[in-house]
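Chemist: As listed in TrEMBL for this protein:
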- 1-26: signal peptide (SIGNAL)
- 29-104: domain 'Inhibitor I9' (DOMAIN)
- 110-565: domain 'Peptidase S8/S53' (DOMAIN)
- Asp119: active site, charge relay system (ACT_SITE)
- His190: active site, charge relay system (ACT_SITE)
- 368-441: domain 'PA' (DOMAIN)
- Ser528: active site, charge relay system (ACT_SITE)
- 640-735: domain 'Subtilisin-like protease fibronectin type-III' (DOMAIN)
Amino acid sequence: MRLSNATLSLVSLMVFFLLLRPGFTAQKSYVIYLGEHSHGLESAWVNVDAVTETHYEFLGSFLGSREDARQAIFYSYTRHINGFAANLADEVASEIARHPEVVSNKARYGEDTIIGNLDTGVWPESKGFSDDGYGPIPSKWKGICQNDIDTRFHCNRKLIGARYFNKGYAAIVGSKLNASFNTPRDNDGHGTHTLSTAGSNLVAKASAFGFGKGTAKGGSPRARVATYKVCWPPVGGEECFDADILAAFDMAIHDGVDVLSVSLGGEPIDFFNDSIAIGSFHAIKHGIVVVCSAGNSGPADGTVVNIAPWQITVGASTMDREFPSIVVLGNDMHYKGQSLSTKVLPHQKFFPLISAADAKVANASVQTALFCQAGAIDPKKAAGKVLVCLRGLNGGVEKGQQASLAGAVGMILANDIFTDNEILVEAHVLPASNINYTDGLTVFTYINSTKNPTAYITPVTTQIGTKPAPFMAAFSSKGPNTITPEILKPDITAPGVSVIAAYTEAEGPTNEDFDKRRVQFNSLSGTSMSCPHVSGIVGLLKTLYPNWSPAAIKSAIMTSATTLDNLNEPILNASNIKAGPFSYGAGHVQPNLAMDPGLVYDLTPTDYLNFLCTLGYKETLISLLSKNTYKCPNPINLANFNYPSITIPNLVGPITVTRTVKNVGSPGIYRAKVMRPMGISIYVKPQKLKFEKAGEEKTFSVTLKVKNAQAIKEYVFGELIWSDNVHYVRSPIVVKAV
């Protein structure tokens, strides 16, 4: 997942700014968010210049002239999102905040399906984006191929659109931004990888360095795709800026995408200070499903991002494919690691084994050496040996490069305690194997207890059908939701570890300066990789059910998910401990079952506005997301929000919550089955629901009561299943007694 900059609001205003480090400029870049345009998609023709002019006039009233405003504004949001981004002094922003128009913010598959990707662009020459066999571009498409500067960049009937957004970034880097940035071409591989995962054609004989050979395809292989490049080389720790992100959402809605895949995120923040939350709300109002990464800050609790209920938030888990490379010690102990290294040691020849801590140069710390950082390894000690390094701080391939520079013949890369059993495969530049934490401890013990320790690393192979799988990735961010704990996040998990997909040829597979290799496919890990898996599934569902709402599609994906692995046991985390809803949400996605969910929990944009009312946001602020002035209804219980999961973060006395389900299948009778959370009694009324036709809705209630509060120290988990013996509509139940 790419990091976007965390946005901060000034006190009592709907203005947020891009973080700047002192010394760049005397001004800051602010986004002035004014809500939704009144014209929307209903107007066949919109004079966007006239809209921009209103922004010049508005800002000019503060700066003294229209020309000053024109020079300050670098984005004018003219399609669906109303507002602009400008370079402003703090005092001007504060003055704008007091203006009535700036509302107070103090309480915050098929060819006709189009998948848009907000990311780092795309490598258009990738075979997965060929338009062989495609018909005309759908008539609804309004997008462009923004190749005015990079004339080598071409779109076609598959890759039908490409735009780049860098004015927010330019406001930070200034003169460092040159013409080479004015292109939607992907220079770091992330955008190509994610977009191809969602919507690549079938590409035969694909592999990563000769491993994992097969036919590559995206989740919606016949979908049209478009890229919206919003991320750039990091500056001040940030890569993707809010002004650019919001501009991309605005144009993606205008262009006519059906699905937006967003492998971005920052910190969990207030909805009205979150450009992804704001942009995605405007998108779902137009029937666009927005799928987002959950974040890569696991395994700590409360780290999940993109937590708005109108987004599908995706965690990362493994698949049943590995790339084993066995570490064999001189005592004949074998430890299964993984790698993508094409370099091999002489057959069954053992080499001296040394810990990087014992191979350090005199002036290096033990930690610096153990992590095999630049300049820390002494060639006199490491040459001709297999070096053992520890994962963390710098990249694994960089560690291997340092080992190789020091003359080591191979490397064993051991996990630290935080990553445990999660093994990320890497394209090492020397024979190498990544092993888990426990095996790493054993290897270090062997070194320390043996006079002449030796080791051999077997060549890499591809293994399919590994068990158990899936299990949760240690890096995958977890709940609970720290902004609205009543909404379970993440919603779902999908494959996000060692995913092979298309890649840029502008850089090497490791993005390291020393890596001169070029590949068509690469293996990456992250919630950035799991997110487009779900986006591809959404594309298929949009083709099957074009009239389903984004909420109905989300419900179908969530309620058909599984919490069991391929051993028919509960999904585990990277420490071999049973995982739970805070790790995987409703469970691991099952695309075939999602196509026929039986029942769905539906929501409308108005329901989401009422959700914001319940959180205490002012009506004037909520009205920004609506075309008209919005009046909040009488207070409602957030527990009754019609989400496909039930989360009660502060259960004291008995509580009764309601849900409404819609039949999207055949007539039938569904009966309730409950797996009760420990210490909680649950009663569902009625116990059965009879549906006589498709589209029919039924409401039920769930009463929860604490049976033994003293026995409940933390969150406890259960589930509710509605079944007609064909469909199993499962919802997680998450409860914390107070």
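Quick reminder: no glycine exception, Cβ is built from N, Cα and C everywhere.
Unlike curated records, TrEMBL annotations are generated automatically.
Since this is a predicted model, take the numbers as computed values, not measurements.
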Chemist: What's the CA to CA span in angstrom from Ser528 (active site, charge relay system) over to His190 (active site, charge relay system)?
Modeler: 8
Chemist: Find the average pLDDT over the domain 'PA' (368-441) in the predicted model and report it.
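Modeler: Averaged over the domain 'PA' (368-441), the predicted model reaches a pLDDT of 92.
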Chemist: Whole-number answer please: how many Å between the C-alpha atoms of Asp119 (active site, charge relay system) and His190 (active site, charge relay system)?
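Modeler: Cα-Cα, rounded: 7 Å.
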Chemist: Tally of helix, strand and coil residues over the domain 'PA' (368-441) according to DSSP?
Modeler: 22 helix, 17 strand, 35 coil
Chemist: Which Cβ among the active-site residues (Asp119, His190) has the fewest C-beta neighbours inside 10 Å?
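Modeler: Looking at the active-site residues Asp119, His190, the Cβ with the fewest others within 10 Å is that of His190.
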Chemist: Over all shown protein chains, what is the count of other CB atoms within 10 A of the CB belonging to Ser528 (active site, charge relay system)?
Modeler: 29
